[in-house]
Every structure is written in C-alpha cells, then in structure tokens.
C-alpha cells in the first residue's frame, strides 16, 4: 500500500493541509480527519478486531472492525471501503453513517495521542475474511449485545474510541439495526 497521509483540520474541522500518517501520530498529534466502521455479517454479528502489535497506537487492543483516514479527494465512505479491502479482504455494502459528528482525543499507554474528527459508519459483508496480519492480530464475530455489555463492564479492555462510540445512545440504536437479518 502506498504511503498514507492524514488530512489536518483546524478547530472548526476545516482542512488545513496533510501530513504523513506515521509522522502525524505522536505525543502532540494535530487534529485530523479519520473514520471508524463497525462491520456486521449475514447473521447480524459484529466483527471485533484486535490491533496488530506492530501498530503505533494501541497495539494489541480490541476495537471495532476497521478504522482509518480518508485520503485527499476520497470520501469517508470510499475510505471505509478501501480499508475493509486492505485490512479484512472483504467487500461491503455501502457504509451508513451512524455517528457523523464523533470527535475525540485520547492518549495510549505509550504516550501516542489520537486527536480526530472521526465520523462513524456501519456496513455489512457476506465475504469470507482475508485478514491482513500487519493490521489485525485476532478477530471474533460477536453478538452486539454481548460486546456492549463487555464495554459497559470492562471499558479498559477496548479502544477508547470504540468505548466512546458504543456509549452514545443514538449510535447504539443505529448499530442495533444492523443486527437485524436482511
């Protein structure tokens, strides 16, 4: 995969430039655009992934299905599709917005900061996973209700962005709609 960049944003969320992705994530990470996606299978189960140990931020942490950064000229939805192909090897239904104004800042145990305007999406797949080991070290298809109970009981076991997204009432409601079989 070619070198990725992040789109830097000012406090109002207006793009101000770009920076190479790896260089952007430091103890002083500037505000930038990202996305987060929750992927469901034909049985209505959620894909929960464990970040590879080689990841700069939150290595080895359980999180929602796919996260990433849109590139210049790419929509958030196109970025979700691209990263699902790259990280999971799957085709997905068109991503649906479930938490469009999500924004957060969090510091991992190594001091790396995430500082993102991060719209949240959900999608479905019927494809078999072809996991990219550089991105994902483990995964589980899970009942959404069980994952939400786990987040409520042990939030420290999940990425902070997943916890914040899952504890938003409207996002939970929209995620629950994806557990219904179509």
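Even glycines carry a Cβ here, placed using N, Cα and C.
Taken straight from Swiss-Prot:
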type     : residues             : note
BINDING  : 25, 32, 69, 114, 116 : Mn(2+) binding site
DOMAIN   : 30-164               : domain 'Nudix hydrolase'
ACT_SITE : 67                   : active site
BINDING  : 87                   : Mg(2+) binding site
ACT_SITE : 116                  : active site
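Between the alpha carbons (Cα) of residue 32 (Mn(2+) binding site) and residue 67 (active site) lies a span of roughly 13 Å.
Ranking the binding-site residues 87, 114, 116 by other CB atoms within 10 A of the CB puts 114 at the bottom. Other residues of the same chain near the Mn(2+) site, with their Cβ within 8 Å of the Cβ centroid of 25, 32, 69, 114, 116, are 6, 21, 24, 29, 33, 34, 115, 118. Looking only at the domain 'Nudix hydrolase' (30-164), the predicted model's pLDDT averages out at 97. Listed in sequence order, 4, 5, 6, 7, 21, 32, 33, 34, 35, 79 are the same-chain residues at least 6 apart in sequence whose CB falls under 8 Å from the CB of residue 69 (Mn(2+) binding site). Residue 25 (Mn(2+) binding site) sits 14 Å from residue 67 (active site), counting Cα to Cα.
Annotation for residue 67 (active site): same-chain Cβ neighbours under 8 Å, separated by at least 6 residues, are 34, 35, 36, 37, 83, 118, 161.
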